[in-house]
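Asks: I grabbed these lines from TrEMBL:
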COMPBIAS  845-859  compositional bias 'Basic and acidic residues'
DOMAIN    257-328  domain 'DUF1736'
REGION    823-859  region 'Disordered'
REPEAT    444-477  repeat 'TPR'
REPEAT    561-594  repeat 'TPR'
REPEAT    595-628  repeat 'TPR'
TRANSMEM  7-28  transmembrane segment
TRANSMEM  88-109  transmembrane segment
TRANSMEM  138-157  transmembrane segment
TRANSMEM  166-184  transmembrane segment
TRANSMEM  190-213  transmembrane segment
TRANSMEM  225-250  transmembrane segment
TRANSMEM  345-369  transmembrane segment
Amino acid sequence: TMQGWEILLLTGLVVGCFWNSLSCGFVFDDVSAILDNKDLRPSTPLRNLFLNDFWGTPMSEERSHKSYRPLTVLTFRLNYLFSELNAASYHLLNLVLHAVVCVLFLRVCRLFLDKTSSLVAALLFAVHPIHTEAVTGVVGRAELLSSIFLLAAFLAYTKSTGVDRSIVWAPIALTVVLVAAATLCKEQGITVVGICCIHEVFVAQGFTLPSLLETLRQVLRGKGWFPYAVLQTLMKLIVLTISTLLLVIIRVQVIQSQLPVFTRFDNPAAVSPTPTRQMTFNYLLPVNAWLLLNPSELCCDWTMGTIPLVESLLDLRNMTTLLFYTCLALLAHHSLCYRHGSAKTVVMALSLIVLPFIPASNLFFPVGFVVAERVLYVPSMGFCVLFAHGFKIISQKGQLKRISWLILGVLLTTHAVKTFNRNWDWESEYTLFTSALKVNKNNAKLWNNVGHALEGQNNYGEALQYFLQATRVQPDDIGAHMNVGRTYKNLNRSKEAEEAYLVAKSLMPQVIPGKKYATRVAPNHLNVYINLANLIRANESRLEEADQLYRQAISMRPDFKQAYISRGELLLKMNKLTEARDAYLHALELDRSNADLWYNLAIVNIEMKDPSEALKNFNHALELNSRHKLALFNSALLMQESGEPKFWPEANRRFLAYVEEEPDDANGYFNLGMLAMDANENPAAERWMRKAISLQAGFRSALFNLALLYSQSKRETEALPVLDELLRHHPQHIKGLILKGDILMNHKKETSGAKACFQRILDIDPTNVQGKHNLCVVYFEERDLLRAERCLEETLAMAPHEEYVRRHLSIVRGKIAAMNAAGQPLTSTEGASVDPSESLGSSPSDKRTKGKSNKEIKDIEEKRAAALKRLEEIERILSGD
């Protein structure tokens with residue numbers, strides 16, 4: 001049994017070593033697994049966790065890494081539920097899980113070590129610096145959770161033998177469930193079955209390898225049968241093995257029988273010929289062992305050129321491989337051929353080191369890394385058991401007792417300090433990758449990653465130096481040349497950017513007819529075609545060349561979604577609308593759940609003058625993402641412009657949703673105002689227009705329509721300051737000048753002000769009929785009939801088909817004739833007043849619509865009818881009724 005103080009000591013030590021991890025952010029793999037992973041969002045259905053890999057990519061996709069860890073992603077999702085993307089809560093849960101692992105590990109150690117040695121093993125495990133990647137890197141949670149279930153499964157299994165050596169089935173059933181859970185957290189969880197088997201044979205049943213072989217030989221010779229105890233053991237192991245096989249079969253079904261695709265950059269040895277591949281992979285074993293023994297130089301990324309390939313049998317590093325295998329063989333011999341207590345301890349330590357490490361060892365199938373410190377989390381348990389066992393043997397020798405305890409104290413202290421300091425490396429991407437460069441200067445990926453971190457701070461100049469260094473360290477690294485190209489583009493050095501992209505393109509493997517291209521290139525490297533095309537399409541004369549590049553990328557990977565999307569944008573720009581639509585439809589075949597694609601397709605439909613299809617596609621986008629800002633705005637605009645009142649409530653709802661997402665965009669409020677004006681909801685219209693103007697000073701359309709609203713609501717005095725504001729920002733706004741002149745003349749009786757407005761219009765546009773006609777009316781107001789006559793004659797010459805001008809002219813001439821006959825002076829018409837606001841009747845309001853909708857035509861007809869009515873009034877006035 002464990003005592004409370006031991007649990008407190010372990011927990012305190014974990015907190016002491018790792019509390020500073022709470023101030024670290026999301027770095028390295030955390031970005032893909034957490035920041036970019038839609039499976040964490042509450043809006044994503046829970047079942048997606050069981051369909052997608054650890055990074056949120058569907059398992060069926062070729063680019064999937066095939067790491068299936070739904071339970072781990074579920075805990076990320078819980079973090080997101082409580083604190084969204086606040087990194088501290090993710091790090092806190094990792095710290096708690098590490099403490100739980102330490103306590104469970106102490107419990108397991110008690111099974112084959114004495115009290116003191118168990119505590120020594122657990123203390124060393126709690127503070128070992130190799131664990132920073134698993135505990136402080138948030139994605140390391142897969143290791144922590146898997147370890148909890150792995151240790152729990154092992155503890156459950158040890159209770160499967162009854163007092164009379166009979167089988168107790170409940171713990172075995174629990175073991176199977178826990179193994180499944182461990183495997184759903186991380187693949188290596190399944191290796192606990194092997195640990196249970198070794199425990200059963202060599203510890204519980206007390207076999208040694210010679211006695212086991214002897215029993216087998218006796219049975220095979222027919223000289224006897226298995227003892228009852230052995231049969232029972234076999235029974236348990238068969239049940240365990242069958243259930244494990246079932247798990248493996250399910251797992252293979254889940255990854256759809258495809259191994260993930262890794263490139264030579266991820267793991268150079270994996271694509272090397274024999275014997276280089278075997279010698280390098282075997283040399284990696286002593287490298288990992290050395291990291292456990294001496295965790296002084298730790299690094300977050302060991303890919304690419306970090307560990308040069310072992311290409312010759314004469315390479316001295318082969319000696320370390322031999323030495324490692326010799327030690328392992330001696331330990332195995334010691335543990336498997338003897339029956340004493342020490343042998344049982346060593347056999348369990350070895351099974352904890354070797355079995356969980358096998359999936360990551362590269363020996364049976366290639367993995368996407370060379371060395372990864374986080375995968376040493378479980379193997380380090382076996383290492384700690386070995387260390388504690390060795391410590392016990394040494395400390396029992398009289399003269400070494402005191403010094404061994406002193407060494408232990410120093411070791412635990414230095415490890416704890418190293419762990420604490422190592423945590424700071426994970427504070428940000430920049431600190432993490434610069435710390436790694438101190439250890440590995442030959443890894444292009446690290447130079448690239450420091451560059452990315454600087455790029456994230458918009459420090460392109462410095463980032464460029466790191467990217468260029470990456471191309472020097474690994475001249476054939478396509479990604480590094482792409483980074484150089486992108487940074488030159490960000491620095492507006494297009495020529496150098498194009499050169500860098502062309503180098504990257506020249507490094508791409510050539511298409512070999514009949515050979516699958518995908519297996520030889522990382523999908524993201526195909527972006528070189530996209531990036532180069534995006535760069536050259538800025539030049540209008542090179543659009544065809546850009547299209548050629550997109551087509552090349554598509555021919556290499558017909559499922560390359562981004563190429564279709566970018567090509568669709570280009571074809572839209574080239575006005576090849578049908579082809580653009582086809583490109584988006586292709587992309588939608590590959591990904592029907594992409595809201596942006598439906599949105600882009602809707603934009604093509606608008607360009608193709610197919611508003612009903614556009615609206616359908618906008619609605620598809622909003623079904624997938626109800627907060628898609630552009631889809632909300634443009635679909636609402638489309639509904640508003642349709643002129644059909646049945647669409648207005650929904651358009652209103654969408655604009656409201658849009659301004660909730662984009663509270664600082666004046667256009668959203670302006671369109672809400674226009675809808676309210678259409679629906680004759682004047683107070684709401686006024687409120688929205690005012691809001692739009694407050695966000696965007698001098699918002700032309702909002703100011704004019706607000707003035708129009710006041711004018712139509714018989715609040716002309718309120719309209720004037722709005723018009724003044726409009727004309728201050730847009731002094732050439734003709735409709736604003738007409739409206740202002742109208743108000744000044746008809747409501748303020750300020751003919752001089754009105755005259756200035758109409759003259760200003762004619763200064764801007766001497767052919768403006770409306771401005772000219774209204775100026776004629778001002779002359780009439782000023783009782784200057786001859787000038788009014790001349791002015792109307794000029795107006796009629798400008799617009800010979802305008803009936804109302806002809807009619808006014810004949811009335812003025814009739815009036816002049818009548819006055820001449822009566823002998824009255826022609827410049828002092830008594831009390832004549834005129835309502836020229838008809839000019840506004842024929843001025844369309846400044847709505848941002850494309851083309852003429854049915855509603856507009858109806859509006860214009862109504863306005864014309866109103867204008868005719870007012871003309872009759874003017875005729876009555878001019879006739880001097």
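Note: Cβ is positioned from N, Cα and C throughout, glycine not excepted.
Note that the coordinates shown come from a computational prediction; the quantities given were computed from them, not determined experimentally.
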Asks: Are there three or more C-beta pairs under 8 angstroms joining the transmembrane segment (225-250) and the transmembrane segment (166-184), sequence spacing 6 or more?
Replies: yes
Asks: State the non-local partners of the transmembrane segment (138-157) in its own chain: residues 6+ outside its ends, Cβ under 8 Å from one of its Cβ atoms.
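Replies: Distal contacts: 26, 28-30, 33-34, 54, 69, 71-72, 75-76, 87, 90-91, 93-94, 97-98, 100-101, 104-105, 107-108, 171-172, 174-175, 178-179, 181-183, 185-186, 188-189, 191-192, 195-196, 199-200, 240, 356, 374-375, 377-378, 381.
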Asks: Tally the residues of the repeat 'TPR' (561-594) by DSSP class, grouping H, G and I as helix, E and B as strand, and everything else as coil.
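Replies: Secondary-structure breakdown of the repeat 'TPR' (561-594): 27 helix, 0 strand, 7 coil.
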Asks: Based on DSSP, tally up the residues of the repeat 'TPR' (444-477) by helix, strand and coil.
Replies: 27 helix, 0 strand, 7 coil
Asks: Can you tell me which parts of the same chain pack against the transmembrane segment (345-369), counting only residues 6+ beyond its ends and a CB-CB cutoff under 8 A?
Replies: 65, 111-113, 150, 187-188, 191-192, 194-195, 198-199, 202-203, 259-260, 262, 266-267, 269-270, 281-282, 284-285, 288, 302-303, 328, 331-332, 334-336, 375-376, 378-379, 381-383, 385-386, 389
Asks: Is the transmembrane segment (225-250) packed against any residues at least 6 beyond its ends, judged by a Cβ distance under 8 Å, and which are they?
Replies: 157, 160, 165-167, 172, 175-176, 179-180, 183, 190, 193, 196-197, 200-201, 204-205, 215, 219
Asks: What is the three-state DSSP composition of the repeat 'TPR' (595-628), stated as helix, strand and coil residue counts?
Replies: 27 helix, 0 strand, 7 coil
Asks: What counts of helix, strand and coil residues does DSSP assign across the domain 'DUF1736' (257-328)?
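Replies: Across the domain 'DUF1736' (257-328), the residues distribute as 34 helix, 0 strand, 38 coil.
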